[in-house]
Amino acid sequence: MAPPGLEVASSSPEIQKITPLDAAAAVVEDDGTSASSESIATAARDRVAVIGSGNWGSVAAKLIASNTCCSDLFDDEVRMWVYEETLPSGEKLSQVINREKENVKYLPGVKLGSNVVAVPDLLNAVADATMLVFVTPHQFIEGICNTLKGNIRQNAIAISLIKGMEVKKDGPCMISNLITELLGIDCAVLMGANIANEVAVEKFSEATVGFRHDKRAADKWVRIFRRPYFLVTPVQDVEGVELCGTLKNVVAVAAGLVDGLDMGNNTKAAIMRIGLKEMRFFSKLLFPSVRDTTFFESCGVADLITTCLGGRNRRVADAFARNKGKRSFDDLETELLQGQKLQGVSTAREVYEVLRARKWEESFPLFSTVHLIATGALAPSAIVEYSEHTPRQITSSQIQYSSL
């Protein structure tokens, strides 16, 4: 089992410096004179900390460092929390990252930037940070937040790049809500069609920032992530954006099973369409405020397509089907992902818990079948056999909206 905080980016072109003119106009020294631009820039700068250093976490650090190094709005240094590991060479991973400016285990061959600093101590990594970027496997986030509680700045804001959910006694809890609940700070989300290794080598892609009410904070997140090759769009629908990023991993497992069974493109397209339909239905049942337009953003249909074509969930599910279900997902994860975590299977389990608690299993045959296949209750071939059953309609008396 991967340790807590372990997730799961060639130099970037220069961008024009951003000067905090609005701040300059507003700040006045005690003697009534305007403060110098240097002192204003220092006072106004945000410090960014990345919590997680896996494949996607390392890419996130690279994106952010490319922007902080040439902006007066942000402190140049980007601290990246690394759960310490000993490499086969006997060296500590954080030491190698700081010397080579490269995550040789999770993102080999890609320079992160001279201003990225790997820090193995979580509290030191977030010291004085005003912008916290969470990018760890979702099963570790509660423990991380409990460690951070009382040890972060009160004016800090957060963003979650984590795809998954926590299932509590009173229902599902999205990761952004969990962070807000445990730390008492605003938390946006960033999701999208961005396979980490492709973003790392600066191939064009898109992402979506989901936010609740604070548009100024959302604009900060857009500014810190956007690059000429990485287009970021803000959307005021945090639950919709986050659920898209979470649920598409379940559909990707289904797509991988289809690939492993050599069922062809027609079947795979059908599974993706049905999966998108269940994603939308599930999201709107839990959160009626979720917008239909969100599913047409990068976090929606685009992320679903790219994950079903090339993501790690598809890859491992393909291998599971080719082994006829005789090797567990855990074994295949260890062999194929080399320390990275598979999110689709755990998310399928969490979704199934929600469905079973509300007696919705028959209304979500694809989601239910993925979980039952992953646990060995059904054979991989059941991924298409389920389609013989028409989804059962949910009555208004069965709907229990999330209170989160």
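A Cβ is built for glycine as well, from the same backbone N, Cα and C atoms used for every other residue.
Here's what TrEMBL has on this protein:
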| type | residues | note |
| --- | --- | --- |
| ACT_SITE | Lys248 | active site, proton acceptor |
| BINDING | Gly52, Ser53, Gly54, Asn55, Trp56, Gly57, Phe140, Ala196, Arg312, Lys341, Gln343 | NAD(+) binding site |
| BINDING | Lys163, Arg312, Asn313 | substrate binding site |
| DOMAIN | 48-215 | domain 'Glycerol-3-phosphate dehydrogenase NAD-dependent N-terminal' |
| DOMAIN | 237-385 | domain 'Glycerol-3-phosphate dehydrogenase NAD-dependent C-terminal' |
What is the nearest of the recorded positions Lys163, Lys248, Asn313 to Phe140 (NAD(+) binding site), using the Cα of each?
Lys163
Is any of the binding-site residues Gly54, Trp56, Arg312 within 10 Å of Lys163 (substrate binding site) (Cα-Cα), and if so, which, in sequence order?
none
Please report the Cα separation of Gly52 (NAD(+) binding site) and Lys248 (active site, proton acceptor) in Å, rounded to an integer.
22
When neighbour density is defined as the number of other C-beta atoms within 10 angstroms of a residue's C-beta, which of the recorded positions Lys163, Lys248 has the lowest density?
Lys163
Given the binding-site residues Trp56, Phe140, which one has the fewest other C-beta atoms within 10 angstroms of its C-beta?
Phe140
CB within-chain contacts under 8 A for Asn313 (substrate binding site), separation at least 6
Asn249, Ala252, Val253, Gly256, Thr307, Leu342, Gln343, Gly344, Val345
What whole-number distance in angstrom separates the two most remote CA atoms of the NAD(+)-binding residues Gly52, Ser53, Gly54, Asn55, Trp56, Gly57, Phe140, Ala196, Arg312, Lys341, Gln343?
20
Please report the Cα separation of Lys248 (active site, proton acceptor) and Arg312 (NAD(+) binding site) in Å, rounded to an integer.
12
What's the number of neighbouring CB atoms sitting within 10 A of the CB on Gly52 (NAD(+) binding site)?
28
Express in Å, rounded to the nearest integer, the largest CA to CA distance found among the substrate-binding residues Lys163, Arg312, Asn313 named in the record.
13
8 Å Cβ shell about Lys163, Arg312, Asn313 centroid, substrate site members excluded
Asn249, Ala252, Thr307, Gly311, Leu342, Gln343, Gly344
For the domain 'Glycerol-3-phosphate dehydrogenase NAD-dependent C-terminal' (237-385), the DSSP residue counts stand at 115 helix, 0 strand, 34 coil
Around the Cβ of Gln343 (NAD(+) binding site), how many other Cβ atoms lie within 10 Å? Please give the count over every shown protein chain.
26
